[in-house]
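Right, one structure below, let's go through it.
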Amino acid sequence: MTVSQASFALPRLNIYATGGTIAGSSASATDTFQYETATLGIDKLIAAVPELKKIAEVKGEQIASVDSNDISVAILLQLAQKLHQDLAGDTAAAVITHGTDTLEETAFFLSLTTKTDKPIILVGAMRPATAISADGSMNLLQAASVAVHEDAAKRGVMMVMNDRIGSGFYITKTRANTPDAFKSVEAGYLGLMIGLEPHFYYLPQQPSNRPYFDVSGYKELPRVDIIYGYQSTDTALLDAAIENGAKAVVIDATGAGSLSTPLLERVKELTAQGFPIVRASRTVEGYISVPEDEGTGSGFLNAQKARIMLMLALAQQDDLATIRNYFK
Ligand code: ASP
């Protein structure tokens, strides 16, 4: 190959598919809520967007074909390990197609478990591929466009949907039905798509206080459960979670992490025994900090992200003091 031919070579882009609505279909073009998720394979997703081949040398890989509610720890670990391996080679960037319901959990997990300057982009869709005005194809093409763009390096894991570029660390699903489903409530978006051109608001940066967990060789993670806070919550669900094998519990509590009197007393007892309880907030925005004898505040993390952080911390046997620092 001559030098001039080499300079026109397209970047290698791996697209890993996991299922979700972006791979969903229905017999009716107007069905946007009773369709079946995860019915189309990666080859069909790529074939539906021929423009992909103009911007990258695309390789598709089917990691799973599930609704994102069935993304397991095994799938998360497989993704992190595969990204580590593939991006260490000549693959320039990675896109992961994913159901939107738990996309933020995978994005957050990968933010904590990958270490690369190369872009890793999660993408989903709110309408199945068969719908009139389906959003998946454009979302996928925009995600790929960001992935291979020179401005996208050194920004960690990102999400591209609905013309927005979001941080994989901060993004969260805030709407159940409409294509504008994701926001980074406190931190804001990283950028905006104008057609296929990404416009980043800031120079490359990483979330502050983002720990890195090396999961190479891991096959599973300790169990962490989430329980919900509401008026007069008793201790039954917390105790059941622990009896059932949870090694830590997140309480999606009210307000700034508040608990009912019986639950607070139980949390104090467990904290004195060194059992990790993290208190997040069922409100969408805020920073949660609690006295040290009353558990651990989740900081800016919502309950589902706090669970991911705890599973990773417990897997490397961090003590309570170290765990507390991850949430500051
Ligand atoms: N239930 C679907 C999923 O998360 C929803 C979606 O993809 O939008 O897999």
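Here the Cβ of each residue, glycine as well, is placed from N, Cα and C on the backbone.
TrEMBL does not curate its annotations; it predicts them automatically.
Model, not experiment: these values are computed from the prediction.
According to TrEMBL, the domain 'L-asparaginase N-terminal' annotation covers 13-202. Annotation source TrEMBL lists active site at T21, T100. The feature active site, O-isoaspartyl threonine intermediate is assigned by TrEMBL to T21. The substrate binding site annotation in TrEMBL covers S68, T100, D101. Marked as domain 'Asparaginase/glutaminase C-terminal' by TrEMBL: 223-327.
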Separation of alpha carbons, S68 (substrate binding site) and T21 (active site) (Å): 9
Cβ-based neighbourhood (8 Å from the centroid) of the substrate site, residues S68, T100, D101 excluded: G20, T21, D67, N69, H98, G99, T102, L103, G124, K173
Per DSSP, three-state class assigned to T21 (active site): helix
Greatest C-beta neighbour count within 10 angstroms, which of the recorded positions T21, S68, T100: T21
In three-state DSSP terms, the structure that D101 (substrate binding site) belongs to: coil
Tally of DSSP helical, extended and coil residues in the domain 'Asparaginase/glutaminase C-terminal' (223-327): 43 helix, 22 strand, 40 coil
Other CB atoms, at most 10 A from the CB of D101 (substrate binding site): 18
Secondary structure of S68 (substrate binding site) (DSSP, helix/strand/coil): helix
Site extent for substrate (largest Cα pair distance over S68, T100, D101, Å): 7
